[in-house]
Each structure stands twice: as C-alpha cells, then as structure tokens.
Amino acid sequence: MAAPQTFSLLAFTFSLLAVASTVTGSNITQILADFPEYSSFNSYLSQTKLADEINSRSTITLLVLNNGAMSSLAGKHPLSVIKNALSLLVLLDYYDPLKLHKISQGTTLSTTLYQTTGNAPGNLGFVNITDLKGGKVGFGSAASGSKLDSSYTKSIKQIPYNISVLEIDNPIIAPGVLAAPAPSAAVSNITGLLEKAGCKTFADLLVSSGVLKTYESTIEKGLTVFAPSDEAFKAAGVPDLTKLTQAEKVSLLEYHALAEYKPKGSLKTNKNKIPTLATSGAGKYDLTTSTSGDEVILHTGVAPSRVADTVLDATPVVIFTVDKVLLPAELFGKPPSPAPAPAPESDTAPTPSPAEGPSPMAASPPAPPMDDSPGSAPSDSPAASENTKAKNAADGVRSPSLLTALVTLTALAVSVSLCY
Ligand SMILES: *[C@@H]1O[C@H](CO)[C@@H](O)[C@H](O)[C@H]1NC(C)=O
Ligand SMILES: *[C@@H]1O[C@H](CO)[C@@H](O)[C@H](O)[C@H]1NC(C)=O
Ligand SMILES: *[C@@H]1O[C@H](CO)[C@@H](O)[C@H](O)[C@H]1NC(C)=O
Ligand SMILES: *[C@@H]1O[C@H](CO)[C@@H](O)[C@H](O)[C@H]1NC(C)=O
C-alpha cells in the first residue's frame, strides 16, 4: 500500500519537474549565436519576435539562411514582410537530415508558421519538400506553378524531436509575399480596424479621451493593443466608466496598450511583468501573463482576461481583442474604492451572459476557463493571488513557489512512506 502511494506522489513530483523544464524550452537565439554566418538571420528572428514564437513551440524545423543568402531580404523590405518570408521557413514538423531523405513518395507538403498567421490564403503557407535525384532535397512554395528553387545544404543542429535547424541556400518565396504593402496604411486607421473587429466601444473611448494619440505616438517604436470587445464592456462587473474622472479614464485606456511589439509568441514566452502605456512608476499599472495550451491569459491583479483574436500583426504593431476589460488594481483593486468597484472575485463568476456567445472568441467553452488556474501549472495559486496586492510580488515568487510545491510534495511523499 505504501509503495504505490509514495510512487504516485513522487511521479507527480517528477511530472511537475518535467513541466518546469519545458517552460525553459530551447532558445533559438542562443543556438544560432554559435554560428556567426547566420548573424543576419538571427537578428531578424529577434527583431520580428519570431524567435519567441519558435521558442514557444515544441516541434519545429527551422530552415536557416546564411548572411549571403539573407542579403536578398535584409534591409530590402519592411520588417512585416521579412517576418512573413521568414515565417515560411519555420516548418511545424520535425525533419532531420535522415527524415528529409526518407520522405515517402519523395515529396510532401509541410505546414509552416506562415500558415498560422491568417495572412496566407490557400496553400501559400505550405512548403513543398521534394527528395530530388542525387541526394539533393529541394524546397519551394506549395503554390501551384512554384519552382523548387531552394536546396538543403547542411544540418546545423538537432534536438530530437523538438527542433531541427537546417541550412538552405535560398529563401522560399510564396507568390505575393514580397509584394505585400507596408503596414503603415492599415495602421494609420487603428479605430477603423477596431470597429471592424467588434471593438467599437473601445475605439470610441480612445477617440473621445484623446488616448488614441498616445497610442499613435509609439507606433514606430512598437505598439501592442489589447482591445476589449463590445460585449466585454457590457459584461457584469465592469465598472461604470462614466463615474471615472478623466485622468482615471485615460489611465484605464492606456492600460490596454504596450509601447512595444509583443505578438502572441512573445506573450506566450513572457515571464516578466509587462509595463503598459499607463505605467509611470515601477510596479504600477503592469500586466502579467500565463498560458493555457495555446491561449494567453492576461492578469491585472483584479481579474484575468483571455487574449482572443489577432486583429493585426504587422511588425512593429500588433492588435489583439481580449474578452474582458482589463481592470488595473491601481484603480479597481481596493475593496472600499470610491468607484463602484467590482467584487474582486468577479472573474470567478462569469455569468453565462451573451457576452461569451456571438463574439469571435467562442472557440473555447463559455464556462469558467477564465478562472486563472487551468494549464498554467507552475504558477502560484493564482485564484488567491489574483485578488490581492500580493500579486505584485508574484512574479518574483513564481519559480520559487514551484520549488516550494516540489519540496512540499517530496516531503509529503517521504512522510507518507514513513507512516506506512
Ligand atoms: C521536447 O518537447 C516535449 C514536448 O513535446 C517536451 O516535453 C520536452 O521537454 C522537449 N525536450 C527538449 C529537450 O526541449
Ligand atoms: C535567449 O538567448 C538570448 C541570447 O543569449 C538571450 O538574450 C535571451 O534572453 C534568451 N531568451 C530566453 C527566452 O531565455
Ligand atoms: C512538389 O513540387 C514538385 C515540383 O513542382 C511536384 O512535382 C510535386 O508534386 C510537389 N509535391 C506535392 C506534395 O505537391
Ligand atoms: C477608418 O476605417 C473606418 C472603417 O473602415 C472608415 O469608416 C473610416 O473612414 C476610416 N478612416 C480613415 C481616416 O481612413
């Protein structure tokens, strides 16, 4: 009796350790840093934040271009275009040199990261891999009529079966990718984009408060917007915004954006507090993140909110919709607040209102997935911390708390085995 119990507790302990180690993942920036001939490619992976996206995934083949091959792209196109071109070199499958030469029927199509962006119509996000005669392997766009004008040259690194890094001699160019317009046109009309995405209330508030100008002033440096849907503003627990002072309203709206480019992959790998446009002093008006599968949850210290859709990802600007208004603890955290603050637990009672229904985020069950904990295994007991100022210290405590949990479990396992 004792042995199985001890065993299962220990097994649990080790499974937690395993979770902890996947969180670290591989670091493509570091892998490529050992090879100066890929410095340009590596630098673009960082600038476009593709590095974060790669690090957040566990089965990847990265096709790498050396500095010479990269010169046909580098500096010749807007960053958003280079990002799309490089996304096509991130295959969402594992190919080591052996597997490349063993493709059944000698030819296959692989999905790429580009396919996941929603920017790739038809099969433009797929890459054709063909085992050619004489041991050569060719790569090309899967779009019909495309040539296999890129070839495998050598293997750089493999971490079986998570990441394989292979060198190819030319970029794979899907039709139209390089001709894409710079994002400036789209970005010049943020409110138009927001309205089309079902965030008219938010767009109107940005205009009437003047905060839109603050957003626009940071576009060149980088801008990330978390736009609550119109439903989010109608949800139970959202404070009456007409009761806020002008300064509070400005802070609330500035809290919904970052002065940096943080696409989904960067949010997924983030482990720090993220300052918002409302942040002026240390530890004020910041956000933390956790993940649940492929989802990113934002934590304000009052209530969590799920990142729903990507409205626009055009380096260095990214606009997301979120399914809750982000309520900063600085305005809504104190229970005896002058504003009709929501009960701090409001997030745990997500009133199955129409709010969850017709919106684009209906992908996940409307039930309480927002309840902080699911999936974000190694985080501190979030339900408690979410409601308290202790949350402010939570980030520094995150990994120690995991350690504490492990130590506790191990001690428990030992004491159980002693008892029997
Ligand atoms: C590889 O990915 C799996 C998940 O698919 C993960 O459990 C494992 O820790 C990863 N291994 C390495 C070396 O990163
Ligand atoms: C990856 O490595 C680079 C270079 O060593 C470092 O700057 C970066 O912070 C690392 N990223 C992560 C997520 O650890
Ligand atoms: C890949 O391209 C080659 C050459 O154009 C073509 O013959 C082959 O059918 C393609 N493979 C697939 C799986 O579409
Ligand atoms: C912005 O987009 C909206 C909706 O698409 C449109 O009505 C408006 O005229 C656009 N504004 C500008 C300045 O282009």
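Keep in mind that glycine also has a Cβ here, set from the backbone N, Cα and C atoms.
All annotation found in TrEMBL is predicted automatically rather than curated by experts.
Taken from TrEMBL, the feature compositional bias 'Pro residues' covers 351-371. Residues or ranges marked as compositional bias 'Low complexity' in TrEMBL: 372-386. According to TrEMBL, the feature domain 'FAS1' maps to 25-172, 186-326. Residues or ranges marked as region 'Disordered' by TrEMBL: 336-397. Residues or ranges marked as signal peptide in TrEMBL: 1-25.
Per-class residue totals from DSSP over the domain 'FAS1' (186-326), listed helix then strand then coil: 49 helix, 39 strand, 53 coil. The DSSP breakdown of the domain 'FAS1' (25-172) into helical (H, G, I), extended (E, B) and coil residues amounts to 51 helix, 40 strand, 57 coil. Mean model confidence for the domain 'FAS1' (25-172) is a pLDDT of 94.
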